[in-house]
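> Below is a structure I'd like to ask you about.
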Amino acid sequence: MRILLANPRGFCAGVDRAISIVERALEIYGAPIYVRHEVVHNRYVVDTLRQRGAIFIEQITEVPDGSILIFSAHGVSQAVRAEARSRDLTVFDATCPLVTKVHMEVARASRKGTEAILIGHTGHPEVEGTMGQYNNPAGGMYLVESPEDVWQLEVKNVDNLCFMTQTTLSVDDTSDVIDALRARFPAIIGPRKDDICYATTNRQEAVRSLAADADVVLVVGSKNSSNSNRLSELAQRVGKPAYLIDSAGDIQESWLQGTQTIGVTAGASAPDILVQQVIERLRLLGAEGAKELIGREENIVFEVPKELRLEVKTVE
């Protein structure tokens, strides 16, 4: 058996920034640091930060006065921001800048009274934060997940509509929903480029190439990671068995029976150490070598807030 590695895979710039914000806050201010929701959707990352003194909460009422609070990479609603401002808290925002871009699109629509339709997954924290940027009762904010949702949707004014998307969706599925929106509402206005982020798009392209050459695909990522789930689904859609795994310990030998080539990739919130552990586990099971495929180069970096840059640490 041989191992093929998707390229790119693993951490994106937004995840890297979010984790760095928590790590630097811990270095500067010391534990405990409170984080609203899991900073990124990866069990290993969250457990590691928890061991260092991060406390993950869902309600700001759980945070004591005078504490440090960090918003997760998924973003928060205007109501959550207002609640945090009303408290004696020092707040750092780890929202991915590409999610913030979508927030600004929604806020702009809200100010204009333009009805807004978000393509996204119900219950996902990014969706909750994005929907929570709209507060104009004269307009409206709607969530759709599928073309069927679009055809059932009723709006106030079909001539005053715009749409935006969650950043971690399936590129193919989203294209189908956008086609339905344009067919149902011909006057609808969308972003110049859809809001699915570069990392999501690149990793889906990479897993498509990987699946073409692999007999089975292993996706390193947690079950609550939207982008990791999309990678597994995409590999299955092109006809290859695919398994979403949190760690090397999840691998079942039965998955590898009769396989010559094992494809390995990782979601945008999965650290490389987990991929290396998967490679080691596969070698113990008889795989030889690990070849990385040629892929799209990524060199995007998002800065942490200036208060957390190491060269300006002033708190003892």
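Every residue, even glycine, has its Cβ placed from backbone N, Cα and C.
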> For the isopentenyl diphosphate site that Swiss-Prot assigns to His41, His74, His124, Ser225, Ser226, Asn227, which of the candidates Ser170, Ser254, Ser269 is also assigned?
Ser269
> Kindly point out which candidate in Cys12, Cys162 is recorded by Swiss-Prot as part of the [4Fe-4S] cluster site with Cys96, Cys197.
Cys12
> At the Cα level, what's the spacing in Å between Ser226 ((2E)-4-hydroxy-3-methylbut-2-enyl diphosphate binding site) and Glu126 (active site, proton donor), rounded?
10
> Return only the integer: C-alpha distance in Å from Glu126 (active site, proton donor) to His74 ((2E)-4-hydroxy-3-methylbut-2-enyl diphosphate binding site).
5
> According to DSSP, does Ser226 ((2E)-4-hydroxy-3-methylbut-2-enyl diphosphate binding site) sit in a helix, a strand, or coil?
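In three-state terms, Ser226 ((2E)-4-hydroxy-3-methylbut-2-enyl diphosphate binding site) counts as helix.
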> Given Cys197 ([4Fe-4S] cluster binding site) and His41 ((2E)-4-hydroxy-3-methylbut-2-enyl diphosphate binding site), what distance in Å do their CA atoms have, once rounded to a whole number?
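Computed Cα spacing between Cys197 ([4Fe-4S] cluster binding site) and His41 ((2E)-4-hydroxy-3-methylbut-2-enyl diphosphate binding site) is 16 Å.
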> Can you tell me which of the binding-site residues His124, Asn227, Ser269 is spatially closest to Cys12 ([4Fe-4S] cluster binding site)? Compare CA atoms only.
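Ranked by Cα distance from Cys12 ([4Fe-4S] cluster binding site), first place goes to Ser269.
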